[in-house]
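Enquirer: So TrEMBL lists the following for this protein:
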type	residues	note
DOMAIN	B:69-257	domain 'ABC transmembrane type-1'
TRANSMEM	B:12-38	transmembrane segment
TRANSMEM	B:75-95	transmembrane segment
TRANSMEM	B:107-131	transmembrane segment
TRANSMEM	B:137-160	transmembrane segment
TRANSMEM	B:194-215	transmembrane segment
TRANSMEM	B:235-260	transmembrane segment
Amino acid sequence: MTTPYLHINGIRKVFGEVVATDHVELSIAEGEFMTFLGPSGSGKSTTLYILAGFQDPSAGDITIRGKSILSTPSHKRNIGMVFQRYTLFPHLSVGENVAFPLRVRRMGKSEVDARVKRALKLVRLEGFEDRMPAKMSGGQQQRVALARALVYDPPVLLMDEPLSALDKKLREEIQFEIRRIHQETGVTILYVTHDQEEALRLSDRIAIFNKGKIEQVGTGPELYANPATHFVADFIGDSAFLAGELASVSGERAALRFADGTTVAAVPLHGSGRAGQAAELMLRPERIELATEPGPEGASLPVTVEDMTFLGNNTTLAARTPWGAALSVRLNFGHPLAANVARGDRLHIRWSPEAAHAFVRG
Amino acid sequence: MLLDFHKLGAWKWLLSGICALMTLFLLMPILFIIALSFGDSRWLIFPPPGWTLKWYEELFADPRWIGAALTSAKIATIVMVLSVALGLLVSLALVRGKFRGRAVLRAFFLTPMVLPVIIVAVALYAAFLRLGLNGTLVGFVIAHLIVALPFSVITISGALETFDPAIEDAAILCGASPWEARFRVTLPAISHGLFSAAIFSFLISWDEVVLAIFMASPGLQTLPVKVWTTLRQDLTPVIAAASTLLVVLTVLLMIVAALIRKGKSR
Amino acid sequence: MSITLAPKRRGSGLGLAMPAILLLLAFFVVPVALLLLRSVTEPEPGLHNYRTLIGSATYAKVFFNTFFVAGVVTLVTVLVAFPVAWALAIMPQRWASVIFAVILLSMWTNLLARTYAWMVLLQQTGLINRSLMALGIIDQPLQLTNNLIGVTIGMVYIMLPFMILPLLGVIRKIDPAILQAAALCGASKGQALFRVLLPLAAPGIASGGLMVFVMSLGYFVTPALLGGTANMMLAEMIAQQVQSLVNWGMGGAAAFILLIVTLGLYAVQLRFFEPKPEVR
């Protein structure tokens, strides 16, 4: 394999007793939109700060085109960044904020003017040059921050939850802008968020962070269809987990047995395991089908309906397995069962073998 | 990252160096007089050739020093009580009052703090000459009260602003009379403000020089006046001994104030 | 609840402040007004006291000394206080609290005790002169007291806390992420200091500096003790006119000028900078 464009090589950061990131390893292609997704405290922001040079790693290296950047101070890294908090310089106008990176690079006046104009056009804020930041909305401020981060054509742009302070509608609007700007400029973007929808909407690839480690890297559909761990399955999309144990393992597939002896067969198994180990069955609710008869190949379970809630486009059933585990099942509006299902009905949930996953429990 | 101490590089040492020098500059004179007060050189040679307690003996043997200290203590105590009492009434009016012009009244109460003391001193001196209050205890107390009151008002109204009057209402609903509610509920709740105001007022009166110089007579003078008149004659080490005792008092009061603040945050 | 209780219980509240209002009227407002009145009535009605003050070279020197010393003290105080406040805002808590305690100690130590210490330290045979001579920097002791050098050193010592504390408050409120942004934008430490940190701290520097300047203008004790009679400042002159020369007209006129300048500068302060709560 050729040298990757940006390589994060075994980054580890320890604050006193706390390990913030532990051996983070990741390669990013030029022009790629890579998102770090994870809960707060998972190490995604720490990794970004190390890239920006705000913190030094305890171990590991970061290279761009094979050259380490760690010994370069922040102001010489030529990296752009948009922060979670509003970080426009409050004493400078919008135009001067965007011009700031060019002024400290001692660029000529006509060049500065032309670039500021172009950058503000890119974020659709032409004509706002003389406005003061305090007189702008949060969304506008973040767009100015984006212009300021891009005006000097940095090859890499870091974004640290830039939209978390905005309301949902505005957030979606700016997400769309960010996608467009990514396509227009071709800049490599590293984007940190804890919002899975935002990650799926924006990214080429997503790295899922948990407890200082990367759990899985992949495109949205890959992560959704093939989560490598329980954590990823839980974090991306809705899913139901049913705890049991491995009844038998053959290659990549396993049969699971539950508390009352019910078994399901031929479930794709993630990680290695042997018969008798604790494991769990993961199902996506929208890929579960409700039927009066059990399905073929053991890809089904009997359930008892406990409650129904009509939610417009679907009816959500609260159901219980014979051994007492709770489960929710969606019936799309117009499903033949939706109209005449009742509390206490005994039915079967069925799925295609590829839609279920088995995870060995650590 | 100029606001991240560990990312300052060489600048970190520059800033730390300036801080260290400034701390030394602030601390040196205080440590210096403490050392001199125990040195046995009348001419204030440093380091002193030997150590002695004779300046303290001289200080305590002189009835004028003792008398001045007692006068200061008496005046400061009276000023403290009056300043807290008046400050509390003013604060209740400023914070709880419903009349117009409260902002103006607040500014009015703070002006004696803002004006140069020399103006107040000269003006009061003229007035007291006519009223015959110069060189009297009452004259001292009035003069010191004028400059101590603003600090009392600031501290007590600050404490009162953070206290929710609804709690007082609750006490009244429980059957307390309005004044009973103030005494049993509000006063204890703002006690830290009252204590701070008391300490500030005492210290301001105790340390006050300019007004005191104008109010003093040969028969009645405060400790700062005694230090002042002695200083104008010569730099005797007795002043170092007196100053050291004043520093000790300051440290004690600072500790008390810190303990009060700690008790408040708990 | 408060709707039913409030009118009965709280009244207007103005009555509570009455004793203090009367006290201030009788012993502050009226005496100051009378003093100012004497400036235009004694020895005879007219503005001649002010004409003398503005016209004579002796008084011109007093005004020059006053404004010059206040200006230098303010400048030096700002130059020292800014790095100190900056460091205090970001250094490890343990060290910051030690330095903070020293600042409070020096601020609350008796003014005369502090001035006495400087009189001894700065005198001809004092520690400073002897140290400088021992180090071979000077051959003859420097004249450091009874002149404006002594006054300036003594006043800087007294004013430093009044500059550091408000500046510390201003710098603590600046978001460190703004400086991180400046660094990533390519600003070196020097550029970030002059283009971002200093402009953001400027309101605090201006308002603290103004406060120190105003306090220095009217200061009495330190100039009187460290300055000597040849280098008089305004407050000292007022005292001298009243106490030694018993010239109430001139004393009142000088006091009026000091009052106007002081109130004028405070008005600037209130107009352009938010009023800040006292830091004590």
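Just so you know, glycine gets a Cβ as well, placed from its N, Cα and C.
Please go over these features one by one and say how buried each is and what sits next to it.
Expert: Within its own chain, the transmembrane segment (B:12-38) is flanked in space by residues 5-6, 44, 46-48, 51-53, 55-56, 237, 240-241, 243-244, 247, which lie at least six positions past its ends and keep a Cβ under 8 Å from the stretch.
Counting residues 6+ beyond its ends, the transmembrane segment (B:75-95) has Cβ neighbours under 8 Å at 102, 105-106, 109, 137, 140-141, 144-145, 148-149, 151-153, 155-157, 160-161, 194, 197-198, 201-206, 222 in the same chain.
Long-range neighbours of the transmembrane segment (B:107-131) within the same chain, counting only residues 6 or more positions beyond its ends whose Cβ lies under 8 Å from a Cβ of the stretch, are 90, 94, 139, 142-143, 146-147, 149-151, 153-154, 210-211, 213-215.
Residues 71, 74-76, 78-80, 82-84, 86-88, 90-92, 94-96, 106, 109-113, 117, 120-121, 124, 128, 186, 190, 192-194, 196-197, 200-201, 204-205, 208, 211-212, 214-215, 220, 222 of the same chain, all 6+ positions outside the transmembrane segment (B:137-160), place their C-beta atoms under 8 angstroms from a C-beta of that stretch.
Among residues of the same chain six or more beyond the transmembrane segment (B:194-215), those with a C-beta under 8 A of the stretch's C-beta atoms are 72-73, 75-77, 79-80, 83-84, 87-88, 117-118, 120-122, 124-125, 128, 134-135, 139-140, 143-144, 147-148, 151-152, 155-156, 159, 187, 221-225, 228, 246, 249-250, 253, 256-257, 260-261.
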